[in-house]
Amino acid sequence: MSGIPAGAVGTVVGVLVYCCICFITSITMIWLSWTHDERTSYVAMLSYFATISIAFSLIQQIHDLATYQHLVQKQFENAKAHPDNPEIVIANGSTGFSLVMYYIQYYCYNVEAMCVMFWAAYLAQSVYGLSAQSRLKVMLRRINDGGKIFAMLFPLTTILLLRVPQIQNHFVVFILIADLPLMLSLLFGCILMVMIVGRYVHTRRKFLIWSEQVGNSQSNIGTSSYDHTVTTASKTNVTSSMPNAGGRRSRNMWDRWLLVRFTIAFLCLSIFEVTNTLFQIMSVTNADRDAQSTTPDFSAARAKRTWVFFMPGVTPGLFIFVVFGTTTTLRKYMYQKLVPKRWQRRHREEREAAAAAAASSSSAAAAAAAARSGANTGPPVPPKDGILVEVEMQVYHQQGSSRDRATPGTDREDTDSIGSDEFPILPIQKNRQR
């Protein structure tokens, strides 16, 4: 770690380990998306660009580690030479290779934000039943496909505009263009989330009132009419999938908690917007210090701040996996593919043994309860007046270890099943009117 202050080594190592964990989880989410035929879905797009941003973040960190002293010196000279350049605000004074790495990551952040916004629009269409209408289905499908393309091209346009000298001469315009994709996604995302949650709560309340009126016996039938717009977004695959070339049926990787999971993802986007603002404030602070100082700041505190602010940019890779990769279907799939077979076999044997022990225990408890119930049974209730009770009973006489039947050939001769050890000997009562 050439040039890194000794007091910041622990922070740098911790951030690198955290970035590697986020990279692994993001790669895992891409693998799950491909194996479940979700290659063009919104969650797959989020995973793609999160993985790209994490990869370039790791490259930038390794580059900064190798040239830290030279990097800080160049940042200091850049702040001195261009004190009013707004690019310093969003890039923390980076130049050259580090600046290119930062812009690639910033582009990925904006694409992820735009994908979340268009995903919210897609869910709103499903919740309000617009995608189920035949006259709107084709148009909405084209809009959704175009939204994915727009989510990639619009941030690229804003990033290229930031390199125009005329825009760099206006601080406010530069910052607005730089943050425009994030601000739009946050604004329209909030509006769409309010619409989705409001519709969901209204539909659920309406369905509960209806189910109370109709009764539990018909509640399942009424679900399709009153709760269709809710279940469409949660129980069906709400993301567009690329069909398998062999015509194999797509495996659904979602569960009924999709709306909850998406809400969590949107909250994470809001938190990221806050951290992005904090990063810009830190960049302004560093630029002001460099402009007022006569020597570069090589302190451990600055190195720690620099590396800590690498964490928000890589966190989406971890959050995408935690939020969307923990459904029951995906957990079972990862267990089958990643856990060694002998561990699975041992776990299965342990589960079977535990189930057998539980069944044996419940059988013993049931037998004991039946024995206690039989011991507490009193004599039979005497017959009522006017009722003739005719008792037909087959009698068994047991002497020692053998049993002697009654005289064969009589009316009392019976089958072996009644007198076997599996059946108790009980009187058969026949009630007849006198």
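For all residues, glycine too, the Cβ spot is worked out from N, Cα and C.
Note that TrEMBL annotation is computational and uncurated.
The compositional bias 'Basic and acidic residues' annotation in TrEMBL covers 402-412.
Annotation comment: TrEMBL describes 370-434 as region 'Disordered'.
Here the transmembrane segment (12-34) has Cβ contacts under 8 Å with residues 1, 4, 41, 43-44, 47-48, 50-51, 54-55, 57-58, 61, 65, 253, 303, 307-308, 310-311, 314-318, 320-322, 324-325, 330, 333-334 of the same chain, all six or more residues outside its ends. According to TrEMBL, the feature transmembrane segment maps to 12-34 (among others).
Taking Cβ pairs closer than 8 Å, the transmembrane segment (41-59) reaches residues 16, 19-20, 22-23, 26-27, 29-30, 33-34, 101, 104-105, 108-109, 111-112, 115-116, 118-119, 122, 148, 151, 239-241, 310, 313-314, 316-317, 320, 324 in its own chain, all 6 or more past its ends. Annotation comment: TrEMBL describes 41-59 (among others) as transmembrane segment.
Annotation comment: TrEMBL describes 104-128 (among others) as transmembrane segment.
The annotation transmembrane segment is assigned in TrEMBL to 149-165 (among others).
Residues or ranges marked as transmembrane segment in TrEMBL: 171-197 (among others).
Here TrEMBL flags 258-279 (among others) as transmembrane segment. Residues 92, 109, 112-113, 116, 119-120, 123, 179, 182-183, 185-186, 189, 193, 196-197, 200, 233-234, 238, 309, 312, 315-316, 319-320, 323-324 of the same chain sit 6 or more residues outside the transmembrane segment (258-279) yet have a Cβ under 8 Å from a Cβ within it.
Per TrEMBL, the feature transmembrane segment maps to 307-327 (among others). Below 8 angstroms of C-beta separation, residues 8, 11-12, 15, 18-19, 21-23, 25-26, 28-29, 32, 43, 46-47, 50-51, 53-54, 57, 60-61, 92, 105, 109, 112, 253-255, 257, 261, 264-265, 268, 272, 275-276, 278-279, 282 of the same chain, each at least six residues beyond the ends of the transmembrane segment (307-327), sit close to that stretch.
Beyond the transmembrane segment (104-128), the same-chain residues lying 6 or more positions past its ends with a Cβ under 8 Å from any Cβ of the stretch are 42, 45-46, 49-50, 52-53, 56-57, 60, 90, 140, 144, 147-148, 150-152, 154-156, 158-159, 178, 181-182, 184-186, 188-189, 192-193, 195-196, 199-200, 203, 229-230, 232-233, 238-239, 259, 262, 265-266, 269, 272-273, 276, 313, 316.
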